Amino acid sequence: MLKFLSEIGPVIAFFAGFFYGGGIQHATLYMLITSVICITLCYVIDKKVSKLSIISTTVLLVSGSITLISGDSMYIKIKPTILYVIFGIIFLMSGIRKNPFIKYALESIVRLKEESWITLSYRTAAFFFFMAVVNEVVWRNCSDETWVKFKVFGVIPITFIFILLQLPLLLKNKLPDSKI
């Protein structure tokens, strides 16, 4: 539950900061503060922070700080693109190397045949590359308000749909001792 809250908390703070705090600058500040609090809480309570969370928070701190210092919202808008590309490369390379990163993230929930983990890695990489393109199209062609609404009300449903589309692969290739 803490992991979920640490990932959704900064998004909620960003949304609230934009619509109730006065725009991208406030939203960015709220997101930065919330992200630092969340990652600190994860470390204090769980004594660990995932590599993906560290990467995500680092990119946020850099792009968010540049946004606040420069006053240019472009930097916070390209943060998702940068993260999606980084994550896409991580999942793609782990599939190519036959050492699927996604296996370590999901193995406590589902156990699959090894080739299924590799397939899931490639699909996840493709999803992240797709999301990078979508983010670029939205932020470059839409208003700040539309981009913020897309980040909250578009990305989450798209991600959920992607996960649902993976269920047939998971169910077909799960091992007998799998939890799902």
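Glycine is treated like the rest: Cβ placed from N, Cα and C.
Taken from Swiss-Prot, the feature transmembrane segment applies to 4-24, 25-45, 49-69, 76-96, 118-138, 150-170, supported by sequence analysis.
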The transmembrane segment (4-24) in contact with the transmembrane segment (118-138), cutoff 8 A, at least 3 CB pairs, sep 6+: no
Residue numbers, six or more beyond the limits of the transmembrane segment (118-138), whose CB comes under 8 Å of its CB atoms: 77-78, 80-81, 84-85, 87-92, 94-95, 98, 100-103, 112, 146-147, 150, 154-155, 158, 162, 166, 169-170
